[in-house]
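Going by Swiss-Prot, these are the annotated features:
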- 65-104: repeat 'WD 1' (REPEAT)
- 108-146: repeat 'WD 2' (REPEAT)
- 150-189: repeat 'WD 3' (REPEAT)
- 195-234: repeat 'WD 4' (REPEAT)
- 246-304: region 'Disordered' (REGION)
- 246-265: compositional bias 'Low complexity' (COMPBIAS)
- 281-292: compositional bias 'Polar residues' (COMPBIAS)
- 306-346: repeat 'WD 5' (REPEAT)
- 368-406: repeat 'WD 6' (REPEAT)
- 424-457: repeat 'WD 7' (REPEAT)
Amino acid sequence: MEGGTNDGAAVPGNGAGTAGSIFWWLKNRCLGRGLCVDPARDNFRTMTSLYSSIHPADSVNLSTRTHGAVFNLEYSPDGSVLTVACEQTEVLLFDPVSSKHIKTLSEAHEDCVNNIRFLDNRMFATCSDDTTIALWDLRKLNSKVCTLHGHTSWVKNIEYDTNTRLLVTSGFDGNVIIWDTNRCTEDGCPHKKFFHTRFLMRMRLTPDCSKMLISTSSGYLLILHELDLTKSLEVGSYPILRARRTASTSDMTSTSSDTRPSSSPCHNSDLGPLFEKHMSRSSQREGASPRNSLEVLTPEVPGERDRGNCITSLQLHPKGWATLLRCSSNTDDQEWTCVYEFQEGAPVRQVSPRCSLRLTHYIEEANVGRGYIKELCFSPDGRMIASPYAYGIRLLGFDSQCKELVDCLPKEAGTLQVIRSLYSHKDVVLTTKFSPTHCQIASGCLSGRVTLYQPKF
């Protein structure tokens, strides 16, 4: 924790208590420490230590290379299947344990396949530049379960709320669309437009589905708090919780239409009435955030304070503690990977609340493969980050010991530590993914090769 305080030491005034005391036990329990909270924690710690011995193991090559670049990788929740989204309309399926090819969905879509999302161990969804989403069943891959129509431009990513069984998609048309998979038929699923913003790049849900994060090519990050997917958000129907130009300096909170940036991704509506609505609701609820309240941020990016940037990739910590961004400068001459901690709790002053995100760690990336989005990811326990780096990948940690984020939060933003660099491709790596169950990483590159990495002793 901050200041390098040991868990067992008594800290005056912070209520931590001494080792073995009830306050010490409660503090560690709140942080998720101890077998009574997370029985898998020690297992994940052991698995993380194995990544220091990881090497390229196999390449899942095919006899023909017609699928083009690899844009996305996704494991099934039980780790038994690895799916690959490809440039040339195809989806590939592999057994990640044996590295054997299972099947090729040769005409999964009519254009590039951008993203794959498993709904459970057998059902998965794919989205494409052909503006559609397709649902598939691993038990019957000869045909799609159904095709979903609703977007008007390239569909770029898919999220899924396991509690409500609602599918959430976003695309370059600026729309976030909700699909009710509970009432899915061969003709599709009932759907509705949930949100719209300009310059949309990526959309993600936090693990508990309490927040939606949206990144934009104009450098803005939108956060919908107290998320309710059952309500569509039309212009003026949601309160603006916070709107800030920066995430680390002065409280430049927009309180009227005069202070809104001209390139703001919000709707073309005056922010003044929306802020007044929010403030009145906030006073009634004693500072609690209203449902679907919107926060607009410009995340701090090292080296980019005086220039615009594009947030090309967006991921969430598996425990919901932080968000992971890959940013590139508007001139495409720099790329950064940044980690931002969620700062929860009611603000001290509602008229000038603190920002929800704080930059904790960052690292500069190799500036190769310009114009292509590089998809990075967290490990299943959130201790490590796998990030595409030129013709390989880098494993990054919050410190050299791969501690959890909550155990090594710095007072000021620090550099991510390179745990291991792995180079096994002959072209620019575009995507990487950790297996949810095995000590394995997969990566895919621009020329279509998929490589698996496993420990070797």
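For all residues, glycine too, the Cβ spot is worked out from N, Cα and C.
Spatially, the repeat 'WD 7' (424-457) is adjacent to the repeat 'WD 1' (65-104); three or more Cβ-Cβ distances between them are under 8 Å for residues at least 6 apart in sequence. Among residues of the same chain six or more beyond the repeat 'WD 6' (368-406), those with a C-beta under 8 A of the stretch's C-beta atoms are 1, 31-32, 40-41, 44-45, 47-49, 51, 54, 69, 71-72, 312-313, 315-319, 321-322, 324, 326, 332, 335, 337, 339, 341, 360-361, 416-436, 441, 443, 445-446, 453.
The average pLDDT the prediction assigns to the repeat 'WD 1' (65-104) is 93.
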